[in-house]
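Novice: Take a look at this one; I'll ask things after.
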Amino acid sequence: MAVPQLTGRPLQALVYATAGAAFLLFGYDQGVMGGLVSLESFIQRFNSPSPGLLGFMVASYDVGCLLGAVFAFLRGDKLGRRWSIIYSCIIVLIGATLQTAAYSRAQYIVGRIVAGVGVGCISVTVPIYASECASASSRGKLVVVETTIVIIGITISNFTNFGFVFGRPELNGKEAQWRIPLGLQMIFPPFVFLLMPFVVESPRWLAAVGRSDEVADVLAKLRGGGATADSPQIQQQARRIIETAAHEAELESSWKESFAGGELQNLRRLILAGSTGFLHQATGINVVIYYAPVIFRQVGLDDKMSYIMSCVGSICFLVGSILPVLYIERIGRRKTMMLGAWTCGICMGMIACTGAIGRYYPARAFATGWAGSAFVLLFQFSFGIGWNSMNWLYASEIGSLRMRNKTAAVQCFCHWGTNFLTVMVAPTGFASLGWRFYLVWMSVTLAAIPYLYFCFPETAGRSLEQMDDFFKTYPQWNIGKVANVWVDLGGAGGQDSCKEEAGAVHHQED
């Protein structure tokens, strides 16, 4: 690809726009099925699948995402960040075509899996690419914005579904009601293809694969403001990145050493990244996203109102996801995740309570139905303020340079694996457990709070290279009292500088 001529803020904006276009596709793909699985034309086309089979037809997308995460794990470092995103979008195009043209269960499931492979690769690569091109002071806000774009994609899919189900009465009972929304997946990849030739490759990936002579040039382009590859600040930052890459290359000569731990604590970092993927999905968020109309009908709303509330829910999700931009660099990642776990757990508990009251006191079913709907909306808002972006952001920051792509892939593997299980069992859970089904998500989510406090180091305010120093200095798992060392939540880490004295403590929790 041709080297882009843009520098500074215009180039940064283009990098983020490219990542955003890929994440918009991610969000639309994730949300589009929620309003289609209950359409009569969809059910008839695929021969009235049982709840279990319907769950698999929806969740097969997550199988593909899981496979895509594995592919990114194995090949992502070879392809580079830009080419990984390009190939991922091509795969999504193929999968979307198969789904749109599906006339059998097998063809539809294959299309879902293929599209999922592409989205799985995107979910691994895009957060890494964005974080590696950003400074420490803006990295958190950037990834929050990028992941909020996922919610914009989900919102677009919800309103699209509503429009085709209730806004076009001439399509009622026709397959166009679900084929057209599925076909609209193909709109997003061309935007990525158009932008990608004009953005730079990740400077940290260039260092990791031995293309050290290009690192300073890319950093200068991203910095802008007249900076050149020979500028002292650029040379200092490039030297730090290259030295870190060289040091990690010496330490990690085999897969066995990578997963055994060692000086850089790679196994521990993989477990932390995988935990964020599991905990993100163990809140039950994608049960709500995938089956929102079903949930609202379950609490007593009619079909049209269920679709309307699904759209309202996606707006609540979107608003909540934007808010962390205001505080993510000030209060950090750990407190944000703990806040999300607490609020989401409480909301799930209240949904269960309203469901139980409506079940055993039918005279109050109308009131409890609307109360339950309100807590579903509050749950989506709470997930946005606490968990939505943290899953992707934390995993992109916690890994060592050489293992960062693999760390993010492990996180995505756990994310999509847990997503598959939750979405797969949801139809059966709704049918057999009723309101008790929500207690499962409440229990797991609240149990995550002490784990987050004692085991998760803070990544806000640290350069990506400083994370290596932290794990060298604090190899123990219980790091609750030292999780914030070297952290400057005022943003002083913006120059990606690393403190020379590993023992210097700038902030320590009481």
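For all residues, glycine too, the Cβ spot is worked out from N, Cα and C.
Whatever TrEMBL says is automated annotation, not expert-curated.
Marked as domain 'Major facilitator superfamily (MFS) profile' by TrEMBL: 15-460. Marked as transmembrane segment by TrEMBL: 12-33, 53-73, 85-103, 109-130, 142-166, 178-200, 270-293, 305-327, 339-361, 367-387, 408-426, 438-456.
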Novice: Name the range, of those listed as 142-166, 270-293, 367-387, 438-456, that has the largest tally of Cβ pairs under 8 Å with the transmembrane segment (12-33).
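Specialist: Out of the listed stretches, 142-166 contacts the transmembrane segment (12-33) most.
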Novice: For the transmembrane segment (178-200) and the transmembrane segment (85-103), check the count of CB pairs under 8 Å (sequence separation 6 or more) and say whether it reaches 3 or more.
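Specialist: Output yes: the transmembrane segment (178-200) sits against the transmembrane segment (85-103).
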Novice: Taking the transmembrane segment (53-73) as reference, which of 85-103, 109-130, 305-327, 367-387 has the most Cβ pairs under 8 angstroms?
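Specialist: Stretch with the highest Cβ contact count: 109-130.
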Novice: Grab the same-chain neighbours of the transmembrane segment (408-426) for me: Cβ-Cβ under 8 Å, and only residues 6 or more beyond its ends, written as numbers and ranges.
Specialist: 55-56, 58-59, 62-63, 65-66, 68-70, 72-73, 76, 116, 120, 123-125, 127-128, 270, 273-278, 280-282, 284, 286-287, 290-291, 391-392, 395-396, 399, 437
Novice: State the residues, same chain only, that lie 6 or more residues beyond the ends of the transmembrane segment (339-361) and have a CB under 8 A from a CB inside it; answer 'none' if no residue qualifies.
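Specialist: That would be 279, 283-285, 298-300, 368-369, 371-372, 375-376, 378-379, 382-383, 385-387, 390, 434-439, 441-443, 445-446, 448-449, 452.
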Novice: By Cβ distance under 8 Å, which residues at least 6 away from the ends of the transmembrane segment (438-456) in the same chain are close to it?
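Specialist: Tertiary neighbours of the transmembrane segment (438-456) are 272, 275, 279, 282-284, 287, 333-334, 337-338, 341-342, 344-346, 348-349, 351-352, 355, 394, 429, 477-480, 483.
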Novice: What stretch, picked from 85-103, 109-130, 270-293, 305-327, 367-387, has the most CB pairs under 8 A with the transmembrane segment (142-166)?
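Specialist: It is 305-327 that shares the most Cβ pairs under 8 Å with the transmembrane segment (142-166).
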Novice: Using Cβ atoms and a strict cutoff of less than 8 Å, what residues sit near the transmembrane segment (270-293) while being 6 or more residues removed from its termini?
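Specialist: Same-chain contacts beyond the flanks: 30-31, 33-35, 37-38, 58, 154, 158, 259, 303, 306-307, 309-310, 313, 337, 340-341, 344-345, 348, 376, 379-380, 383, 387, 390-391, 394-395, 398-399, 403, 406-408, 410-419, 422-423, 426-427, 430, 438, 440-441, 444-445, 448, 451-452, 455-456.
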Novice: Need one number: mean pLDDT over the domain 'Major facilitator superfamily (MFS) profile' (15-460).
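Specialist: A mean pLDDT of 84 is what the model gives the domain 'Major facilitator superfamily (MFS) profile' (15-460).
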